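Record features (TrEMBL):
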type: TRANSMEM; residues: A:12-30; note: transmembrane segment
type: DOMAIN; residues: A:14-122; note: domain 'DUF1980'
type: TRANSMEM; residues: A:45-66; note: transmembrane segment
type: TRANSMEM; residues: A:87-107; note: transmembrane segment
type: DOMAIN; residues: A:142-277; note: domain 'DUF1980'
Amino acid sequence: MKSEAVAAKRHYLLRAFILLGFALYISHLATSGKLQLYVAPEMQLWLRLSVIPLVLVAVTLVYHAFFAKENSVICECGMEHEVTGSAFKHTLAYALFLTPLLLGLVLPDRALDGAAATRKGMILGSPVLSREQLDGKFKAPDKYNEEFAELAKRLYIQELIEVKPEIFSEMIGAIELFKEDFRGKKIKLSGFVYQKKDAPNRSEFVLSRFLVQCCTADAYPFGVPVSSVAPLPSLRNDIWVEVEGTLQTGEHDGKEIITISAERVSEIPRPDSPYVFLNSNAVIEYLQRLDGPL
Amino acid sequence: MINKPAPLRLLPVLLPAAFTLACLTVMLPRLLPALDLSFLQTFRTSFLGILLEALPFVLLGSLLSSLLHLFVTEEALDRWIPKHPVAGILTACVLGLVFPICECGMIPLIRRLIQKGMPVYIAIVFILSGPIINPVVYGATYMAFRLYPEMVYARMGLAFLVSASIGFMIYATWKSSPLKVTRSTLNSESAAETEMRNRPRGSKWTAVLVHTSDEFFDMGKYLLIGCLLTAGIQSFVAKESLTMIGNGPVSSYFFMMGFAFLLSLCSTSDAFVAQTFLTTFSSGSLLAFLVFGPMLDFKNTLMLLSVFKTKFVLYLAFLIFAVVFIGAVAVDAFYFT
């Protein structure tokens, strides 16, 4: 009985240590702003909140290990307690829980890059609207069409269309929906450089972004093909650039897509928030902001 | 041997481990640039992404399950559950509207409910319908398929039909308990419960939190293995090479269901992945992806295996596969026209 209690104590302490590790790692990510490299803004609140129960449970376990009465250390409550079972199995299980913490600490935090884009498959054009839309068997509901049309109308009258990161996919989508009308318009946008490995090119690349819905596992890359008039000697995969140029249309795999003929390509530092997120409110906010000064 | 104090027993392992750690610390800065870390980085980012996303929900599920265990008696639960199977199944189908938790949080909760005497078929209906028929998933699917609202209605409708019909099949065919028999017997529970109820308040809350950690570590193992494998598949297998496999009219269904199984995405985000396939695959096969994935995938199969007997999990997997396939083909033929 005595040695069992000691074993239980050790388990509780180890678990408390792991839970505290998770809590510390999450708060580290949250305070350093790196959380958005892993999960979308809507999910972040949940994660921040989960620190509270993690710490609470960890503290309770420590308390339980040291101060609980002998008989209640191993409570017979119909649960399969881990306290029995082979040591090897336990070591394996706890090693499993330490894996994410070790991975998190040893390797630097990095956003998804071109290598991931190759594996996930680059989509040219906006992912929100990248198909033979609005015809055939499906019909578009008016609400979103209106939103895109409204957005397109506002963009059309701008001298230089600056693509905002918060509504990146929506703006590209609106432009793509009316690509014929936007041909020849000036545009400015930023993203990372993606080139297929087998086609290194000094003047053509895909200006890309990752769209993240919940977490990085469902991220997928999309982008707009850019061709530069002047050759770009310093062009390489995964650098971040700002492109200013003229909208064109081109063909890719039998589908008409938008392309950009760049007049100016300049390297910029990687932004703190490299991904774009889908956010229907952001479009409305953007439209309201445009209305403001008028 | 057993009576030796722990540090002494660990010594033979500890010393080499410390040595390796020291070597790595010295060598790592020089070794790192030489390795191609791009795969590892993608793996790490996806792995931590899935894990961090699921963590709050597993925690919530464990907490709810633990509260349920200590505060809700079997008799009370018995009174809430409708007696008639049809009423029970239909209630379970829409239970997700009230409890919008995703599948990771669902399984610990369900285990506890079955232990408390909830009929298995009702529990299964809740496992199947809960991750799809809930407001969060409806909103996410609507966002992803904003141009094709038919897909949203088809997803919700098919999920309802599939879970209800599987509920009836299990009601008719599976009589014995599908739960794994665990070391500690279930009948000791009531004794423990009365003991728990007689305790002072403070120690009751301690018990809730200690239980939460038990559940969390129990489920977490399977979640972690699932996350590791899913991230591995996502970062080492190219999507292009996968899509080459399934382009036939029938094989696209099998491919999309297999793909959903391997990817193990959360049901709130899978719609966005599905809609990137709109140009490559038929609407019916996308529907199969959207309905099959949340009901059965790599991550939750491991979690199911930890709770249910292997035979039962296989039976359930077969039912889900067959019913979703038939349903998706039927919807494609009669609704998507």
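Any Cβ shown, glycine's included, is placed from N, Cα and C.
Unlike curated records, TrEMBL annotations are generated automatically.
Beyond its flanks by at least six residues, the transmembrane segment (A:87-107) meets 11, 14, 18, 21-22, 25 of its own chain at Cβ-Cβ distances under 8 Å. Under DSSP, residues within the domain 'DUF1980' (A:14-122) fall into helix, strand and coil as 79 helix, 1 strand, 29 coil.
The domain 'DUF1980' (A:142-277): residue composition by secondary structure is 35 helix, 60 strand, 41 coil, according to DSSP.
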